[in-house]
Amino acid sequence: MTKTLKGIAASDGFATAPAYLLVEPNLSFKKTSVSDVAAEVQRLQAAIKKSDDELTTIRDIAKNSLGEEEAQVFDAHKMILADPEFTGEVEKQIKENAVNAEQALKDVADKFIAMFEAMTDNKYMQERAADVRDVTKRVMSHLLGVELPNPALIDHEVVIVAHDLTPSDTAQLNKKYVKAFVTDVGGRTAHSAIMARSLEIPAIVGTDTVTTDIKANDTVIIDGVDGDVVINPSDDDIQHYKQLAQDYAAEKAEWAKLKDAATITADGKHFDIAANIGTPKDLTGVIANGAEAIGLYRTEFLYMDSAELPTEEDQFEAYKEVLEGMAGKPVVVRTMDIGGDKHLPYLPLPEEMNPFLGYRAIRISLDRQDIFRTQLRALLRASAFGQLRIMFPMIGTLQEFRKAKAILLEEMDKLKAEGVDYDANVQVGIMMEVPAAAVLADQFAKEVDFFSIGTNDLIQYTMAADRGNDRVSYLYQPYNPSILRLIKYVIDSAHKEGKWVGMCGEAAGDPVMTPLLMGMGLDEYSMSATSILKVRSLMKHLNTEELKSLVDQAVNVSLTNDDNKKLVSEFVEAHKH
Ligand SMILES: C=C(OP(=O)(O)O)C(=O)O
Ligand SMILES: [Mg+2]
């Protein structure tokens, strides 16, 4: 029977495909004694063989899609399977204790995991515990006849259904087969949603129950525009959404005509529309959508894609590739923003009650100056190859900014002494995403070269509402007068000091925000590449002078987020040129 679920529309577009459940399988079992020990050993060996074959296939696929280095993790898994100290020990336990293979495997694995985890002075060996866990899970699944989800093995079109997707899960999705994803939890500005937009796959998050409502292979329609998930649709539903998908594609084709056009408003004013990227690979989409700059390069993905801290050289190559790819257009690179929902397996952070309020971004960089200085050196060296702008994330106090900038200047001096080229006039700015900094924007404006407003965090911190928690997602209110006043104050403060202001939070690509931001005189709008042409098309039809009265009403008269949403849509309807 057809069922429709509502979630948060996180990435535009439509898709219809069978569901692929990416959920933790149930691998529970009971301890039993066995009488035919030889048969039990054989059962274990068969499960090991199946696991080994599976790893060979996964390794091949991973090599093609992710590269040789990433694929090598599966060699480590195969080695564990072939290690007599591990699997031989499981066999021994079956024989000596006459227990089922599942129990013997668990006992041996627990012993190895505890042993590796205890090696606190050897990080490499400590990390092997995770490999043992993974391999054990795989063999256990074959013993129990339970299928493990293996997204790397997907070879047909699917809609991924998951409780949650971490940014690294999302990074591994193969766009060729993964037509959309839908999750139980999450918010529009969580990083997996942001990545879905840059991958251009429709996504819905925060449905609460999708993993229990959908069974594997159920046909599912994802409407990423309205946030509807249609499970087991009727033929009429399929036809209806096919039409919507066609209309959407036609609208996109219309916007595509603006790819090479500058962003000029109806009254002849020019704004910069820039793109947000996570890796140099995103440049293809940036160029295809005609971005005028890169307004945010989230460098933490470089750290997350790597098995260890990326070297100065690795980073230099990545930054240079982006600068050269943009051929002289401005590129704002943000220093590492790890913490919150972004983790590094090789940089374990302490468990925190409130990770988004904890050890994150510039707070880590100022503490771990070894990591920070390496990144700054790589950035400065790359600055010789284009128009680089350096941005610090999560700045809350002037002291933090001054300290970060002083470290940057020290690294400049060192490079100068070494005779290495860099751009001595590189602009240095900050993310405006901590309310304390926004309130003091007038003071910051005297010291920075630019601001980029990070509405994802600015809204979560101002409204005290976790950006990834769907239960409080109603408080993501970009048009709330409180947020609009903060934004306007930041823009006015920067302009008073002759500095430019951008916005790189998701609100920058929201067509309801566009008229308000234009009226406030925001200079640069940085968004998922896929939103650029839609916003450029809208700007062409609006007159900035007329929008000033709209801003005045939104900030001073309207009371709520919804009032302002309505106000903007009515205004645009009446004033579209
Ligand atoms: C752009 C922002 O940064 P991030 O989403 O990476 O936290 C923001 O907070 O708005
Ligand atoms: Mg942020």
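Using the three backbone atoms N, Cα and C, a Cβ is placed for every residue, glycine included.
Cβ-based neighbour count (10 Å, all protein chains) for HIS191 (active site, tele-phosphohistidine intermediate) stands at 26. Feature annotation from TrEMBL assigns active site, tele-phosphohistidine intermediate to HIS191.
According to DSSP, ARG467 (phosphoenolpyruvate binding site) is assigned to coil rather than to any helix or strand. For ARG298, ARG334, ASN456, ASP457, ARG467, the entry in TrEMBL reads phosphoenolpyruvate binding site.
Cβ neighbour count for GLU433 (Mg(2+) binding site): 27 (other Cβ atoms within 10 Å of its Cβ, all protein chains included). Under DSSP, GLU433 (Mg(2+) binding site) is assigned to coil, being neither helix nor strand in the three-state scheme. Under the heading Mg(2+) binding site, TrEMBL lists GLU433, ASP457.
Looking at the domain 'Phosphotransferase system enzyme I N-terminal' (6-128) alone, the prediction's average pLDDT is 89. Among the features that TrEMBL reports, domain 'Phosphotransferase system enzyme I N-terminal' is placed at 6-128.
The feature domain 'PEP-utilising enzyme mobile' is assigned by TrEMBL to 155-227.
Positions annotated as domain 'PEP-utilising enzyme C-terminal' by TrEMBL: 252-543.
Ligand 2 lies under 6 Å from the Cβ of the following recorded positions, listed in sequence order from HIS191, ARG334, ASP457: ASP457. Take the CB of ASP457 (phosphoenolpyruvate binding site) and look out to 10 A: across all protein chains shown you find 24 other CB atoms.
The secondary structure of ARG334 (phosphoenolpyruvate binding site), as reduced to three states from DSSP, is extended strand.
HIS191 (active site, tele-phosphohistidine intermediate) and GLU433 (Mg(2+) binding site) are 16 Å apart (CA-CA, integer value). Candidate binding-site residues: ARG334, ASN456, ARG467. Those with a Cβ under 6 Å from ligand 1, in sequence order, are ASN456. Among the residues ARG298, ARG334, ASN456, ASP457, ARG467 said to bind phosphoenolpyruvate, no two Cα atoms are farther apart than 20 Å.
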